[in-house]
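Student: Copied straight from TrEMBL:
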- B:20-39: transmembrane segment (TRANSMEM)
- B:361-384: transmembrane segment (TRANSMEM)
- B:390-413: region 'Disordered' (REGION)
- B:424-445: transmembrane segment (TRANSMEM)
- B:452-474: transmembrane segment (TRANSMEM)
- B:494-523: transmembrane segment (TRANSMEM)
- B:535-555: transmembrane segment (TRANSMEM)
- B:575-594: transmembrane segment (TRANSMEM)
Amino acid sequence: MRSLLSFLPLLIPSALVSATEYHEQLNLRPLPLSALLASFNFRANTSIADFEAQNFRLFPRSLGQILQYAGTRELHLRFTLGRWDAESWGTRPWDGTKEGGTGVELWAWLDAETDEEADEKWLTLTNALSGLFCASLNFIDGTRTIRPVVSFQPEGDHPNTTLANTRLLHGVLPHEVVCTENLTPFLKMLPCKGKAGIASLLDGHKLFDASFQSMAIDVRPICPSEGECVLQLEQTVDMVLDVDRSKRPHDNPIPRPPPGHDLICDTTKPYHQPDDACYPIDHLRGQDWTLSQIFGRTMKGTCPLTDDEVPPVCVHLPPTRDLFASQGAHEIRYPNNDSLRCYHIEQDKEFTLVLTKSEFPSEGGEAAPLGIVKPETPVLYADRSFTGHGQEHGGVQAILTNPGDDSVEFVYMESLPWFMRIYLHTLSARISASSPNTNSSADLIKEIYYRPALDRARGTQLELLLSIPPRCTVFLTYDFERSILRYTEYPPDANRGFDVAAAVITTLEPKAMNIRTTSLLLYLPTPDFSMPYNVIIFTSTTVALAFGGIYNIIVRRMVGANEVPRTAMKDKVAAFIQKLKGKKTAVAAAAAGGKASIEPVSGTAEAK
Amino acid sequence: MPRLLSTALSLRRDPRLLRIPPYVSAFCIAIGVVWLLLLPLDDYSRRTYVSENALLPGQVHTYFGGSEQHIFRAFRHEVDLLADKNNYEVNDKLESILTGFGVKVGRQNYTYHSAGQIYTGENVYGILQAPRGDATEAIVLVAAWKSIDEQLNRNGIALVLTLARYFKRWSLWSKDIILLLPPDSTTGTQAWVDAYHDAHDFKHIAPLPLKSGALQGAIAIDYPHEQRYHELHIIYDGTNGQLPNLDLINSIVNIAGGQMGIETTVQQMTGHTDSYQDRLQTMLRGMLYQGLGYPTGPHSSFIPYHVDAITLQPTGEGWHDEMAMGRVVEGSFRSLNNLLEHLHQSFFFYLLMQKNRFVSIGTYLPSAMLLAANFTIMAIFLWVKSGQPTAKDVGTGKQQSDGLERKGDAAPSSWSPLTVERNLLSPLTFVAICHSISAIPLFLFNHLGINTLPLAFLIFSVTSTVLPAIFSFAAASLQKPTPQYFQLTKSFSLLILGVSLATLSTLNFSLAFLVGLLASPLTFIRPTDSAATRWFFAALLILTSPPIVILSTAWTSGVTLTEVLKAASLGWNVWGMYTPIIIWCMWWPAWLIGMTNTLSPISNI
């Protein structure tokens, strides 16, 4: 089975790439256990000449002007929420190339002769995009920006001369919560604005209730072998819906326990009794849904601007499953890929799809469950977590598993905040003992690109070129130190911890794809301004004061004034008075003398 | 003013002043104990309140119920079918049930060695991933296969499975929910929590194949109770007397009491009448558990890692059913799910008088501090006294100073205090020897096998009683002990005791208080000529010696000595309990020195 990316070019003959063109497509793919992947793809081309003349038609003017102003050659923006469950859902949509780490991720190639100029343009770009997408992109400052060396390659066709004068900058905001205010500007950029076509299915409630969702915007120049260069804007939304959750009605979304007779029970259990004991087997039931149920609205025809050649809706299902489309839709099947069926839709008619219950429940066992196309095993599994405990030191462990029969070569990139000071000498990669071929681990890491952090100025950038032998699990670990921030640098919710951005894995062999790990929550030593802390401080202070006093009394020998030998004291007092008299006027001396008669006494007493 | 000062300073020389410290010490002890007894009064304790606004306990509707009960019953039947199976077969079934819901399941093997016994098992746990979350935070739901009382946790396991299926349907979880099903309530959770924080022994405990984010809280269900129950018993003591954040307990009390109408209770105080006696009893029970430092349930292992955790145990006969218990857990998880930050607002140091009354550290700490101060005051007093001449020395000293005065007309005899040179070597050596041999009982009781432990303890008890006599004889034969020698040994020993207890009282108040109280006779013993007094002191000290206290505690609580020693060894080897260090390396040496001093014949040079 092919991944989504590989069949799309199949449908669009390259000769059709015209100067101005738009098409959109929705791919539905049922996944194990009530999950359903919906991939929306919108692609608009505009010729470079039109773009430079500010002649915008399909390309949104708001974005176009920002790109021109900030000298952006190629732009990639990602809004992601949730995590892709690779173990059950298999390969990522678009091979992971259209998703980011949790939060917001942005990388772009900017026209700049020097790094300073690039920083300036980057600042312009992030601030402008921040306003356009209602996201805190303006918080991508120097400490969150890195310049990847090997992880990212331009996707578009750039002449070598321009590429030499561009800089790649990458920034990520792991704590940014993606929500409807980011979806609205996203939809606004579409030619049909979410009023018609597949975009009419995008409902904020359903999108942000999904188990995983990723919105991507890519702008890249494409130069076909003949014809003029075009600037391509590709917008993608990938979401994994939970069918059971999505099917709940809008006005009653609470998952109350269903009435007892609606439960799906295993009647073979000896203790089974209706309305008493019921061993649930609803996870073996398989999916059944209609398009309007899962998206909460119906699809309102097609966008009039779209290319008629490209079918707007495609579903990946085993050929045996029944799927019914509404009237007027035309189903296409492909001989070279029997698990794919696509639908052409009339422009003004509402469209819906109905997937009926699978007729063979739970017979196929694990391998072919529930009448869905079995997800493809990914090239690499990646999982990253913190190790250790305490407030001073910690470690990061990435577990990378190669399930396939070919060795996998990839770049592992970390963009770490400056307050997480990593010890590069502790970086190690070892093959797990349970793997079949445990040869020496020394040659796992082939190259290291490392740019150390500067306090409060920039974060750590770490890129590792690794290669994992077939069917091996590799543990990549390194240690770090948690730094103590200045107290004004703590956010209001200091005890929440600090988010560490996802690691980006770019595979090179056997095929190019991207994987992002989950982000991490880093606890730093946080001052506790609460009451118990104050109690401890006060107690310690009291103890310290008491200790000082007691120690003083024990060690020092003090005597009272009347215990000092009189003669010596008298002499000294007399001498002191004489001294004062010699220096000051008679009046002042008399006044001072009154006081001095006491002070020198105690002074001498102390000295003894 | 100068007159007052000089009067005060001259009073310093007054020999009467030196008689005061023993009375101050006694006064400190009395005040310390009375202080503790005052705490249950309304004027000194406070009502609890929820400090963390994000928790909003009891503010959500809970929907667990209805047909979920059918599923609960089915899972309980499944648990019954597994009752006689071994750990691995049980885990196979639990894993298949959990994977059915779409929960990621991991397993972990562990082996502990303690007192010559092997504790081995396999934990099974599932991670219910937050639907829209990232693996940054997690809350834990624990149900051990064997309850705290070693019964089959039949309802607890079934309830966790049912709740897992129910929780899976909600999309509002912002944190992962980890379902931990260890084979027992003692070692399993410890192995799991250690491995989660990579603090485990790599040889005997397997690492975790699956992990989520930082743990924010944990709730354990201990529910072997078969009938309908009346109240929820909240168990909150952690290892080494560490406590969970008070907000967690308050939230549960609030949810169970305010929303479900279920009574809650702490420290097994069923039928708490809110009287002074009941409050005092609750507090003293809490202090006893805290002082022992022994884990009280599966939640205890979480607390050392700053994960707030409690165990819920339905008790008594009433009309609440499993679904009500499930709703309490649901409500608590909804509250924990609301947390934006790690629980940090409320108290970590408190004594509970009742489910909704507590005293905080600022109020109760002085009582333990006063007990510790009594030793320090006495130590300082003895140090000062050891530097002063005895009656005989004063006579010779006076002659000397008279001579001096006649010679130089300088030092008047009226103010010059005579100091005697302190002979430090032998007292310091003796104190050092006593403290270093304290490693022997610590090592023995934590490394011997279960069969030899009781015998070893009895031999040790006898040795520990005889040892002071040997020491005093040896000291007497080596060198004629002077009163100064006794003063200095006692001073050093009490100084160490006072300082360690003051430090300990901030970490484990109850342990410091109990040890301080039991060691308080040490302040007042002294070598004496009178045989009657000496035997009285000796008897008092033997009664309050660590081995006798342990034996009598075991006897009064109806636990065999073997069990006590086994539990202590387990506490040391599995949970890293530091109570043995306090008893053997702090209290016992102090006792040894005190006893030796009592038995030593006083020399009248």
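From the backbone N, Cα and C atoms, a Cβ is placed for every residue, glycine too.
All TrEMBL annotations are machine predictions without curation.
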Student: For the transmembrane segment (B:20-39), find every same-chain residue at least 6 residues outside the stretch whose CB is under 8 Å from a CB in it, and list them.
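Tutor: The answer is 45, 280, 283, 351, 353, 359, 363-364, 366-371, 373-375, 377-378, 380-381, 513, 516-517, 520, 523-524.
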Student: Does the transmembrane segment (B:361-384) make contact with the transmembrane segment (B:494-523) through 3 or more Cβ pairs under 8 Å, each pair 6 or more apart in sequence?
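Tutor: Contact criterion met.
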Student: What else in the chain is close to the transmembrane segment (B:494-523), if you only count residues 6 or more beyond its ends and a Cβ gap under 8 Å?
Tutor: 22, 25-26, 29, 32-33, 36, 240-242, 286-293, 349, 351, 361, 364-365, 367-369, 371-376, 378-380, 382-383, 431, 435, 537, 540-541, 544, 549, 579, 582-583, 586-587, 589-591, 594
Student: For the transmembrane segment (B:575-594), could you work out the same-chain residues 6 or more beyond its ends whose Cβ comes under 8 Å from its Cβ atoms?
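Tutor: Residues 190, 239-240, 291-295, 300-301, 304, 430-431, 434-435, 437-439, 441-442, 445-446, 464, 467-468, 471, 489-490, 493-494, 496-497, 500-501, 504, 511, 515, 518-519, 521-522, 525, 541, 544-546, 550, 568.
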Student: Hey, which bits of the same chain come close to the transmembrane segment (B:535-555), Cβ under 8 Å, at least six residues off its ends?
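Tutor: For the transmembrane segment (B:535-555), the sequence-distant neighbours (Cβ-Cβ under 8 Å, at least 6 residues beyond its ends) are 457, 460-461, 464-465, 518-519, 521-522, 525-526, 528, 561, 563-564, 583-584, 587-588, 591, 594-595, 598-599.
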Student: By a Cβ-Cβ criterion of under 8 Å, what residues six or more beyond either terminus of the transmembrane segment (B:424-445) are in contact with it?
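Tutor: Same-chain contacts beyond the flanks: 453, 456-457, 460, 464, 471, 475, 479, 485, 488-489, 491-493, 496, 565, 568-569, 580-581, 584-585, 588-589, 592-593, 596.
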